[in-house]
Amino acid sequence: MAKTYKIAVIPGDGIGKEVTPWAQKALEKAAEGVADFEYENFDLGAERYLRDGAILPEDEEERIKANDAILLGAVGDPRIKAGILERGLLLKLRFDLDQYVNLRPSKLYKGVTSPLANPGDIDFVVVREGTEGLYCGAGGAVRRNTPQEVATEVSINTAYGVERVVRYAFKLAMKRKKHVTLVHKKNVLVNAGDMWQRIVDKVGEEYPEVTHDYQHIDAATIFLVSDPSRFDVILTDNLFGDILTDEAGSVVGGVGYSASGCINASDEFPSMFEPIHGSAPDIAGQNKANPTAAILSAAMLLEHLGFDDAAKKIHTAVEADIEELGSTVRSTDQVGKDILARM
């Protein structure tokens with residue numbers, strides 16, 4: 001008898017509500033016979049905030065924690081000041097659920113046009129540390145709005161936090177092309193950079209089959225557009241990862257075919273999977289949004305739960321659909337139906 005997994009579903013705002021159901025349908029079809037899913041929907045996002053001022057009520061967060069994984073659609077609304085939902089919902093979940101790996105695959109599918117003249121075979125993944133660095137909220141400001149104002153942002157890197165994400169990267173590389181590239185700026189950020197390098201060297205000794213090298217962040221951004229096929233697993237910190245993942249999305253043709261995961265690799269808390277596109281309020285409710293990225297986020301969820309064969313069904317169906325029909329104009333529902341029909 002197949003095990004039942006509990007999935008927290010946060011459709012969010014805009015097109016998130018339209019694409020998330022297709023991720024759920026893909027989950028169910030791909031895992032048919034090997035896993036069952038029980039969903040709990042959460043009304044969180046811009047619409048909820050505008051309605052009653054709630055961002056992430058404590059009782060709802062506790063219910064989310066009781067699930068095996070989280071599917072997120074998209075969150076955002078131009079009526080809300082930037083940073084409110086990002087910090088109050090997305091970052092709060094990431095930190096409270098200790099989702100210390102931000103995983104962003106980047107693959108150029110046949111049928112998708114890259115902005116690069118000669119992109120080559122692009123298929124790499126960025127492993128970004130997700131709970132430390134400059135995004136952990138350390139810092140402050142004094143004498144605001146005066147000529148003497150001082151503002152600081154403090155980057156915090158711990159050996160514990162770095163080592164666990166380094167180990168994740170090497171384990172992932174063993175399933176791929178067995179190469180890890182550390183990206184940092186250790187010639188300037190000498191304290192953090194040195195610690196990252198030493199830990200990579202130490203962990204690398206435990207994985208003799210995996211080669212590893214190093215690039216400064218500025219060099220890496222150049223190689224991402226001049227020779228992206230050289231990369232397999234890119235390992236980096238929170239800030240540099242934020243920059244590289246956006247660039248990575250652009251070289252494979254944009255956000256329409258890209259998903260990401262915020263991973264708690266210890267499984268102490270649920271991990272969260274989502275398309276990287278936004279809520280796109282300009283096309284919301286018009287059945288125009290492409291659900292492919294949301295469906296790919298379902299594949300990442302299956303991989304995280306250990307159902308690699310089921311995830312492969314989704315990947316194979318998506319690749320075939322994009323190659324044959326990716327350039328055609330289709331509705332949200334038609335794209336979803338076409339992909340599911342190939343599974």
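Heads up, the Cβ atoms here are built off N, Cα and C, so glycines get one too.
Bear in mind that the values here come from a model prediction, so they are computed numbers and not experimental data.
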From the candidates ARG63, ARG128, ARG143, ARG144, give the one listed by Swiss-Prot for the same substrate site as ARG94, ARG104, ASP218.
ARG128
ARG94, TYR135, GLY278, ASN290 as recorded positions, winner by CB count within 10 A:
ASN290
Give me the long-range Cβ neighbours of LYS185 (site 'Important for catalysis'): same chain, 6+ apart, Cβ under 8 Å, in sequence order.
GLY193, HIS216, ILE217, ASP218, PHE240
Let me know the largest Cα to Cα distance in Å among the NAD(+)-binding residues GLY278, SER279, ALA280, PRO281, ASP282, ILE283, ALA284, GLY285, GLN286, ASN287, LYS288, ALA289, ASN290, as an integer.
15
Considering each pair of residues in ARG94, ARG104, ARG128, ASP218, all listed as binding substrate, report the largest CA to CA distance in Å, no decimals.
27
Roughly how many angstrom lie between the C-alpha atoms of ASP282 (NAD(+) binding site) and ARG94 (substrate binding site)?
28
Give me the Cα-Cα distance between GLN286 (NAD(+) binding site) and ASP242 (Mg(2+) binding site), rounded to a whole Å.
30
Could you say whether, by DSSP, ASP242 (Mg(2+) binding site) belongs to a helix, a strand or a coil region?
helix
